[in-house]
């Protein structure tokens, strides 16, 4: 039996070294490689010491070498707990402090083994009549055994919890790791509580540890996600930038991720107050719109906050395990910048890039709205169309850059001369349209005449000197029943009449009447134009 034991221990040690070398090369890509190497190195040292002890022949040497198994024993226990710590996600890496704490017991166990001939508290050996050694285990051994089982139980508990809370795709790895840990545990229980070790002279723990390490190594080597520590649902929630709040059937918070804690704490201004257990209306009470999102049963709603922030809030009703007691999950995402960008883009889509005035698209909507409003209230409404005189000549002589300055100059005068309720737009090219609600044709023409005079009095500076800017304008009043299309047509006719009369003037056409289509209107030159 002695020779068989030496062969088994030797093979176990050699087999442990091979995957240890392979796993060590993966230490930079897999966080689980280092603890697995420590386990394999412990198995190799444990088995090698046992093999040397069995082959010694001399009882004194056999006893001395037998104590050499304990450094490997301590390394296996520490490495297994380190592996479970990382695999369960409790640690991303082993800190220096944790490494020192884990090393304390193996170091003390090794010291106890080295000094055992003087105190015999680890084990006491005696020679049997057959010449073989029998070991009587001492109190230090049982303290070590209890410590080892505590760490094993803690590792199993951590991995079991992690498996139950992990995403589905990672549970297989936990199941394999847990099954692997059961193998040496059973082997060690057999070794400690039965006569197998004294009969076969082989500790089944070492062989079963090799099986465990092989299973762990297989996962690390062949699992496509081996370089990743499995992810738990809690880690996913913690990593989300969105605020996630889980509510029970009573409407009280049962879970909130860090983003939700930061959001609700900032809204309430009560730092340090625990969210779990609080009612939703209480936690979000500082923002009534946010609190009412749940009461209204809203599935998706945009909630503006008093701070100026905007949240996209989604509420999903939950029925755990098919029960009728509903809970809710509330997901809130900060879309403040998105809403600002959306508003900015919507504004830009309705603005002329050169002058900053509204564009023709906006004019179509605004004019229809104002015509409908005037028809509803019976109020006056006028439309003016302007065209910069001789603009093509300006471009040809001074260049398009000066032409752009002229357009900006006219746009600024119009913007500074109108009321807040007026609508000023760049219609296209050098044409502008002004919508003047509440003004009849005569009052509107006088307003445009004042702008024309100011424009003529304020030249644009160019490299060749001041450039006088003139424009012609046509004004049309929208009569009851008139349409936006008719108002623009009559304003355009008045504009062409102004140009025909020599430009640099304002011409007022008669109001557009209901049902008119394409007939020229009577045009009246505004006095003083």
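We number each residue from 1, going along the chain as drawn.
Glycine is treated like the rest: Cβ placed from N, Cα and C.
Heads up, TrEMBL stuff is auto-annotated, nobody curated it.
According to TrEMBL:
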TRANSMEM  6-24  transmembrane segment
TRANSMEM  36-56  transmembrane segment
TRANSMEM  68-86  transmembrane segment
TRANSMEM  98-119  transmembrane segment
TRANSMEM  139-162  transmembrane segment
TRANSMEM  174-196  transmembrane segment
DOMAIN    379-511  domain 'GGDEF'
REGION    502-529  region 'Disordered'
*Could you tell me what the rest of the chain brings near the transmembrane segment (174-196), counting residues at least six beyond its ends with Cβ under 8 Å?*
80, 83-84, 87, 145, 152, 155-156, 159-160, 162-163, 166, 202-205, 207-209, 211-213, 215-216, 218-219, 230
_If we skip the immediate neighbours and take only residues 6+ beyond the ends of the transmembrane segment (36-56), which ones have a Cβ under 8 Å from one of its Cβ atoms?_
2, 5-6, 9-10, 12-14, 16-17, 19-20, 23-24, 27, 62-63, 65-66, 68-69, 71-76, 78-80, 82-83, 201, 203, 206, 209-210, 212-213, 216-217, 220
_For a three-state summary based on DSSP, what are the helix, strand and coil counts in the domain 'GGDEF' (379-511)?_
60 helix, 39 strand, 34 coil
_Per-region confidence, the domain 'GGDEF' (379-511) (mean pLDDT, whole number)_ = 92
